[in-house]
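A short worksheet on the structure shown next.
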Amino acid sequence: MFPQRLDSTIAYDIAKAMMDGFNRHYQLFRTESARAKHRFETADWHGQQRAQRERIEFYDLRVREASTRLEREFKAGEQSMDVWHQVKLHYIGLLVNHHQPELAETFFNSVTTKILHRSYFQNDFIFVRPAVSTEYIENEEPTAQPTYRAYYPTRDNLREIIVRLVRDFDLRLEFEDLERDAGYVLEAVSERLSDVKLRANFQIQVLSGLFFRNKGAYVVGKIINGFNEVPLALPILHSKSGKLVIDAALFGEDDLLILFSFARAYFMVDMGIPSAYVQFLRSMMPHMPRAEIYNALGLAKQGKTLFYRDFLHHLRHSTDKFRIAPGIKGMVMLVFDLPSFPYVFKVIKDYYPPQKDTSREQIKGKYLLVKQHDRVGRMADTQEYSEVAFPRARFDDELIAEIEKFAPSQLEISDRDRDGNTEVIIKHVYIERRMIPLNIYLQEAFDAGVGEPAAKNQIERAVVEYGNAIKDLVAANIFPGDMLWKNFGITRHGKVVFYDYDEIEYITDCKFRRVPAPRNDEEEMSGEVWYSVGPKDVFPETFAPFLLGNDAVREVFMKHHGDLLDAEFWQSHQARIQAGHVHDVFPYEREKRFTRRHSPGRNDHELLTHLPPEPMLTGLSGMTP
């Protein structure tokens with residue numbers, strides 16, 4: 001029970017010190033995010049990548065600072081239960097007019113759980129559930145920007161509105177031809193509005209902060225007409241001339257889901273009220289969990305908090321059991337899942353076969369590398385948890401036996417909370433989105449018969465995407481290491497994503513070689529490797545026997561990605577990266593780029609200047625998504 005009186009002389013001071021720690025964290029986070037605009041304007045791509053890596057570390061640093069201060073100044077760990085009750089109440093009071101209350105609650109949890117015994121990990125002492133609403137938070141200061149801006153175009157002035165909308169972001173680098181680009185956007189919009197009657201509420205709403213990632217800036221918003229809303233994003237890039245261009249117009253939830261995918265690096269965006277951004281983005285992408293939206297915005301700890309709450313809610317409202325995940329078992333990771341829940345749980349094994357020359361700390365280092373690196377839409381993001389408790393009754397006995405055999409150091413089965421419920425406690429686990437393993441996806445097509453048109457299309461799509469995934473990883477200076485089909489998965493949008501990280505290396509750390517010609521018949525006929533192989537040596541031509549055993553797969557692979565078997569391909573990209581070049585990787589199909597859709601010599605007067613006349617009757621169908 002909470003105390004009826006706030007009579008502690010120290011509780012408020014502890015709460016205030018904790019709030020000071022959070023405010024310092026978010027100010028630093030926001031400042032670094034805001035600097036992304038200048039880095040974009042000056043084409044400081046290496047600085048942008050460095051800032052993205054470093055910003056990930058901000059949170060843990062501030063949590064350590066705050067917990068150290070509380071112990072030093074208040075001996076926080078020695079305070080009574082009654083004092084800690086009051087600390088939470090005072091903290092809630094400090095959140096009343098706060099602009100980031102949900103983040104501050106999570107920060108409170110992070111600091112408190114570093115100090116207190118786990119018996120305190122309940123809603124009386126920490127925020128198991130949120131205490132302060134994030135609805136309708138507004139910054140009332142006169143100079144504050146609103147979360148989003150609304151524009152009210154007509155059929156005649158939509159092109160001018162697009163120009164004004166972009167100029168309102170005050171980018172300090174000149175556009176190559178903004179009027180031309182606005183005409184391109186207008187043409188793309190007109191494809192969705194040409195047969196639509198504009199209603200009284202026709203408007204474009206755009207979030208006030210630009211979204212920066214890698215070499216791009218993104219205008220994010222939505223078009224509203226009648227009962228319909230269509231998500232919209234405009235990528236802004238540097239052209240070869242060094243000026244700015246609008247590169248494409250993205251429409252609809254699917255385009256936005258790919259842009260905000262869990263397989264991409266986090267955005268940098270200056271947000272005064274992050275919950276308002278999340279609410280706006282959720283209205284555009286209702287199928288994207290709020291946890292993943294917070295992750296995409298760089299607020300990964302909040303994403304972890306919401307994910308865990310969603311997970312506990314799902315456990316309470318489901319009855320199926322955790323099981324060994326389907327597919328080929330890994331040599332390093334033990335993977336299990338809950339069939340009704342769209343994520344997998346990965347535990348590092350205690351023992352590895354001799355060919356896996358690695359350690360637990362090395363594997364953790366690889367996963368941290370992926371977390372901090374540009375994932376270019378091809379490496380799944382993971383959430384890392386410690387001391388996770390599951391109901392024992394929900395675990396399949398075969399799964400328990402598997403963990404006891406391969407990862408006994410990571411397993412505890414006990415009634416730790418002394419509440420009469422036996423739990424399975426996993427010491428350390430990674431959680432990531434479930435995908436269809438690529439080997440299973442291909443096997444389904446083989447089983448259907450490679451002569452079937454649908455199966456043939458599935459094989460071609462999978463193999464082409466697999467090669468594209470590897471080439472995108474190469475562009476980002478990542479060598480997957482183990483390139484077997486089983487280490488890649490298919491997402492809901494048909495994208496191939498890599499998810500086995502224990503052997504990844506930087507391209508620049510590898511030595512790509514051709515297999516030397518045999519010097520005699522004995523070497524040529526030998527079943528063993530007769531040439532010297534260094535620890536970082538890679539022989540691309542040796543990939544073929546492991547990947548291309550199926551004729552249908554080989555045909556597609558050699559047609560589209562045969563260069564992956566040539567050491568020269570890898571060496572050329574290695575040289576490019578070492579020379580400091582940052583490659584372009586687009587979070588949308590290249591066919592959507594205006595440079596693909598419009599010929600370079602096209603005259604400006606050929607572009608639309610306004611929407612076509614509206615039809616007499618349109619019903620309620622609204623816009624084409």
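Each residue, glycine too, has its Cβ placed from N, Cα and C.
Of the listed candidates (LYS304, LYS346), Swiss-Prot assigns LYS346 to the same ATP site as ALA325, PRO326, GLY327, ILE328, LYS329, GLY330, MET331. Cα of PRO326 (ATP binding site) to Cα of ASP381 (active site): a span of 20 Å.
Each of the binding-site residues LYS329, LYS346 was ranked by the number of other C-beta atoms within 10 Å, and first place falls to LYS346. The two recorded residues, GLY327 (ATP binding site) and ASP381 (active site), have Cα atoms 20 Å apart. Most other Cβ atoms within 10 A: among the binding-site residues PRO326, GLY327, that distinction falls to GLY327. Separation of the C-alpha atoms of LYS329 (ATP binding site) and ASP381 (active site): 20 Å, rounded to the nearest whole number. Working note on the binding-site residues ALA325, ILE328, MET331: by count of other C-beta atoms within 10 Å of each C-beta, ALA325 ranks first.
With a 10 A radius on its CB, ASP381 (active site) counts 23 other CB atoms from all the protein chains.
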